[in-house]
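K.L.:
Structure provided below as structure tokens; questions to follow.
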Amino acid sequence: MSFLLLTPPPCLLIPPPPLSHRRSSSLFLKHPFQPSPRPLSFCKPSALRLRANTTVNSLKALETIKPYLQSESKTVLLGWLCSCVSVVSLSQIVPRLGSFTSNLNANAASLTKLKGECLVLAGLVLAKVVAYYLQQAFLWEAALNTVYKIRVFAYRRVLERELEFFEGGNGISSGDIAYRITAEASEVADTIYALLNTVVPSAIQISVMTAHMIVASPALTLVSAMVIPSVALLIAYLGDRLRKISRKAQIASAQLSTYLNEVLPAILFVKANNAEISESVRFQRFARADLDERFKKKKMKSLIPQIVQVMYLGSLSIFCVGAVILAGSSLSSSAIVSFVASLAFLIDPVQDLGKAYNELKQGEPAIERLFDLTSLESKVIERPEAIQLEKVAGEVELCDISFKYDENMLPVLDGLNLHIKAGETVALVGPSGGGKTTLIKLLLRLYEPSSGSIIIDKIDIKDIKLESLRKHVGLVSQDTTLFSGTIADNIGYRDLTTGIDMKRVELAAKTANADEFIRNLPEGYNTGVGPRGSSLSGGQKQRLAIARALYQKSSILILDEATSALDSLSELLVREALERVMQDHTVIVIAHRLETVMMAQRVFLVERGKLKELNRSSLLSTHKDSLTSAGLVI
């Protein structure tokens, strides 16, 4: 019980949702086309998972679960209490079976007593059935609530990671993360339930049934005990094999999930390139690898319980010995019946222990991979003394900023200095890969600069709370991100869980030139946008993105190629919205379109990590041709 008395992590304060659990099943079908399941170069296991310690043993796996199970101790105790009731009922059934058989040939005077025994037996059986049902219900509740807390905490830690974790080659793909938090978390729930429902209840039942067997015949009990050690050693060996096979199976499933998460969102690109057949072949490679590894796991999982069946062979020898003892001793037939019944009820919990060990070894890799997510630490760390900004004027200073994505790479930014006054609009132009977007990521503190500092209103951004910094710096990118939901949900995204202010939503939409088209939609602001905003045009999505940035009342706005992919009319509407926004915001514009660049008061060229100011008036004459030929403006 001591393992339940640990301090829970902060995530455990989150109330659990209504319970639901559904076991997944596997269907193994042969397919006439079975290509070699060679791993593809872009989808190596090393790119899909953390470099976790593969020698995690069972005790360590259990240790990681303890804090999350602590708040479920009351539910677990109720389940184990029901288990005690079930075992006590069963222990009362065993001796009554012996007396019941001895009374079968009794005279008529004993029939009344026999009827009474039948009623008692029926009552005990009913009590056992009800208690066992409640035991399972309570323990499933504890297991599912525990995994819910682990899921919430793991996902929170993923969201807290810096951008490098998702963009670098050593992180985890989104498909792998989704697989861990869904499918593998369900396997962890199965493992926790198997342990809770087996270890203590089976130990109680084994103890009670063994006591009955000893009372009936110590000699027969000794013969029974001789079977157990050899079987236990074999189960331990096979369990270790199962853990290794299970890990390979989970990696194969994660690869398949990652592949689907990459290809399905790009279905337009696939069809445009007539790649349906090639993608089908690639899918079959991953699916075949997943099938093969799962099949190995299922075969090993099926083998271990069968080993426990060897104990039944041992019981045959016990019956033979029992017959000899009965023939040459005073052991009654009722005692033999009690012993055999106790042995039958003993074999089930011993077999359940084997199955629980089976579940533990199968679940260990899932526990390890899920808890890899909870152990993630962000490289962008908020200082304890960081302050909350109530109001921001919008002055931005970049002081000797240098940055490179990897120690072995050349600097993307090299000693860059820039001072932007509050309310000023600055445009950044330059070739792709020159460092423009990197500069924006540093301003949002998605990365830490290699050297130098970024100052907002005379305060180093490292001294500002991350939530406060990103509240006052709004981003509108070329690739607009919209989530399934209504237009109001997407504009008021920041307040989605706390309550959206519809007046602010409508005001932001009007400023962003979006109110008119929104009101022409069937349900206005309550119109669904579809997956990733699929029901809206590019211009409409871009205006919603501007409205979203305005809704959060950001003093500093970053426009990263906000008009590059729009048609002329949409671009005109977006530019009109931007002109209104620029009147009372500090705006940093990254653009290639000359019309958008000329909206800025100052223009800078970012090239090879350096910053050079361009004469704004000469952009229309002297520098225009050279910038256009270099592809810096269009």
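Using the three backbone atoms N, Cα and C, a Cβ is placed for every residue, glycine included.
What Swiss-Prot records for this protein is below:
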type     : residues                                       : note
BINDING  : G430, P431, S432, G433, G434, G435, K436, T437 : ATP binding site
DOMAIN   : 77-362                                         : domain 'ABC transmembrane type-1'
DOMAIN   : 396-633                                        : domain 'ABC transporter'
TRANSIT  : 1-51                                           : transit peptide
TRANSMEM : 75-95                                          : transmembrane segment
TRANSMEM : 119-139                                        : transmembrane segment
TRANSMEM : 195-215                                        : transmembrane segment
TRANSMEM : 219-239                                        : transmembrane segment
TRANSMEM : 307-327                                        : transmembrane segment
TRANSMEM : 330-350                                        : transmembrane segment
K.L.:
Other than G430, P431, S432, G433, G434, G435, K436, T437, which residues of the chain come within 8 Å of the ATP site, judged by Cβ distance to the Cβ centroid of those residues?
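P.N.:
Near the ATP site, the remaining chain residues are T438, V606, E607.
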K.L.:
Same chain only, please: residues at least 6 beyond the ends of the transmembrane segment (75-95) with a C-beta under 8 Å from a C-beta of the stretch. Say none if there are none.
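P.N.:
For the transmembrane segment (75-95), the nonlocal Cβ contacts are 4, 69, 121, 124-125, 127-128, 131-132, 134-139, 141-142, 145, 196-197, 200-201, 204-205, 208-209, 212, 338, 341-342, 345.
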K.L.:
On a count of neighbouring CB atoms within 10 A, which of the binding-site residues S432, T437 is highest?
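P.N.:
When each Cβ's neighbours within 10 Å are tallied, T437 tops the list.
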K.L.:
Have a look around G434 (ATP binding site) and count the other CB atoms within 10 A of its CB, chains all included.
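P.N.:
By my count, 21.
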K.L.:
Run through the Cβ atoms and count how many others sit within 10 Å of the one on G433 (ATP binding site).
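P.N.:
Cβ-Cβ neighbours of G433 (ATP binding site) within 10 Å number 11.
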K.L.:
Here are the binding-site residues: G430, P431, G435. Which has the lowest count of other Cβ atoms within 10 Å?
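P.N.:
With the binding-site residues G430, P431, G435, fewest surrounding Cβ atoms within 10 Å: P431.
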K.L.:
Return the residues near K436 (ATP binding site) by Cβ distance under 8 Å, restricted to its own chain and a separation of at least 6 in sequence.
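P.N.:
The answer is L428, V429, G430, D560, I590, V606.
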K.L.:
Taking DSSP as the reference, which of helix, strand or coil describes K436 (ATP binding site)?
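P.N.:
Note: K436 (ATP binding site) is helical by DSSP.
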